[in-house]
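These notes are about the structure you will find just below.
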């Protein structure tokens, strides 16, 4: 199934809706659709690509960096996050983790 993922960041002037299949990582879908998001390891093992889920649901079971508190607060790693519903994600949220 393909979901609509809204990517937002006021500072970076990002407000875009991308289509993301439920078997594609949000970061990869964004890149394919011309939206540059930060990343480093692409393996869910660092925080460069961190975002925050504002609404909707995602699956990031492959990530190994965020702790339960951070995930509970809505943070996600876009490089290993699949959408499981239409969702809205704030990008460039690494600084907000700490």
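A Cβ is built for glycine as well, from the same backbone N, Cα and C atoms used for every other residue.
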* **Matching residue for the [2Fe-2S] cluster site, where Swiss-Prot names 41, 46, 49 - out of 79, 87** => 79
* Structure fact -> Here the binding-site residues are 41, 46, 49; the one whose Cβ sees the most other Cβ atoms within 10 Å is 49
